[in-house]
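Per TrEMBL, the features are:
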ACT_SITE  Cys98  active site, proton donor
BINDING   Gln68, Lys139, His168, Asn199, Gly200, Glu201, Gly223, Arg224  FMN binding site
DOMAIN    5-300  domain 'DUS-like FMN-binding'
SITE      Arg35  site 'Interacts with tRNA'
SITE      Asn95  site 'Interacts with tRNA'
SITE      Tyr176  site 'Interacts with tRNA'
SITE      Arg276  site 'Interacts with tRNA'
SITE      Lys278  site 'Interacts with tRNA'
SITE      Tyr283  site 'Interacts with tRNA'
SITE      Lys299  site 'Interacts with tRNA'
Amino acid sequence: MRIFLAPMEGVVDHTMRTMLTQVGGIDRCVTEFVRVTTTLLPPKTFYRLCPELHKQGLTPSGVPVYVQLLGGQPEPMAINAERAAQLGAPGIDINFGCPAKQVNRSDGGSVLLQEPDRVFAIVDAVRKAVPASTPVTVKIRLGFNDRSLLEDVTQAIFAANASELTIHARTKEDGYKPPAYWDAIADIYANSPIPIIANGEIWSVADYHQCIKESGCQDIMLGRGILACPDLARQINATQLEQHVRVMDWLMVVELLVQFCVVTEAMYERKYVGNRVKQWLGYLRRQYPQAAVLFEQVKRLKWPEDIAAAIALHKTEYSKAI
Ligand SMILES: Cc1cc2nc3c(=O)[nH]c(=O)nc-3n(C[C@H](O)[C@H](O)[C@H](O)COP(=O)(O)O)c2cc1C
């Protein structure tokens, strides 16, 4: 069983990968997508989305980070994959799942699920462009408007010699509306020559068990669920090993937020720290009621020192109250 951290544009960046892999239980991460059009992108684009390339493509906790590419043309995808591999990416992931209108209109993401031949051409070109030792993984949804081409798309991906396939168990049309249809992955998994990773709507250990039961998969990818519950991967690992693990309490999460401010300030302009913290609190709110309280306390603040002071005060008040 392996657990992967989902790519999430504007949310799971280098700083978030640092925090979540430090908590533990994650076997691999994927960057936000690098948008490929027609040109070979400069190294700085790859380093910006994947600063881990300066450190052998590993997070500070030693977890590999694959570079995700999104685009509709085989040749530009291939040359950019080659570049990412040369810069030290431990693997390349190809995005055929993005539902964003703007991305789909410009020939990328889930719109390509309507064209299995092009999916083949892209994966095949990328596979041939990078060394055999560099895994090429693919991420899809169940389809664009419906699931009618799922079998053709997955066969195309297998024929192109992809290393692994992650399936977000919804179509583009389904958007992010629950549920995720884990059972729709079962046939693909049963007949696949490569590992299949199930993704979508895993918010708890119970969801994990249900997902592997319905999909048959052993490996999973966690997105919003692990943002809401930072030790979810660790909890899932513990149940697999039948070990007891101490579940993170709110004060431990607050400590994580303090560190998040520090690593975020080191990476971005100071004015962005507040928004990043508020964004994470938005996800944490689902699991920790106190996150909503802290959100109210920081919502008008922008500067790191003000946010840090508000978090410190919150910690004192909360500790007194429990
Ligand atoms: C804000 C946001 C940004 C995302 N960005 C990406 C992305 O860059 N690449 C990608 O393949 N999927 C992206 N996704 C999809 C997630 O990787 C994942 O498939 C989806 O959120 C379902 O998993 P979850 O229910 O565990 O969150 C994004 C999802 C969200 C909510």
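The backbone N, Cα and C atoms fix where each Cβ goes, and this holds for glycine too.
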Show me the subset of Gln68, Asn95, Glu201, Lys278 whose Cα is within 10 Å of Lys299 (site 'Interacts with tRNA'); these are the recorded positions I mean.
Lys278
Cα proximity to Glu201 (FMN binding site), best match among recorded sites Asn95, Tyr176, Tyr283:
Tyr176
Just to be sure I understand the packing, how many Cβ atoms besides its own are within 10 Å of the Cβ of Tyr283 (site 'Interacts with tRNA')?
20
Can you tell me which of Arg35, Arg276, Lys278, Tyr283, Lys299, our recorded sites, come within under 6 Å of ligand 1 at the Cβ?
none
Between Gly223 (FMN binding site) and Tyr283 (site 'Interacts with tRNA'), the C-alpha gap once rounded to whole angstrom:
10
Span of the FMN site, taken as the largest CA to CA distance across Gln68, Lys139, His168, Asn199, Gly200, Glu201, Gly223, Arg224 (Å, rounded to a whole number):
21
Find the one among the binding-site residues Gln68, His168, Asn199 whose C-alpha lies closest to that of Arg35 (site 'Interacts with tRNA').
Gln68
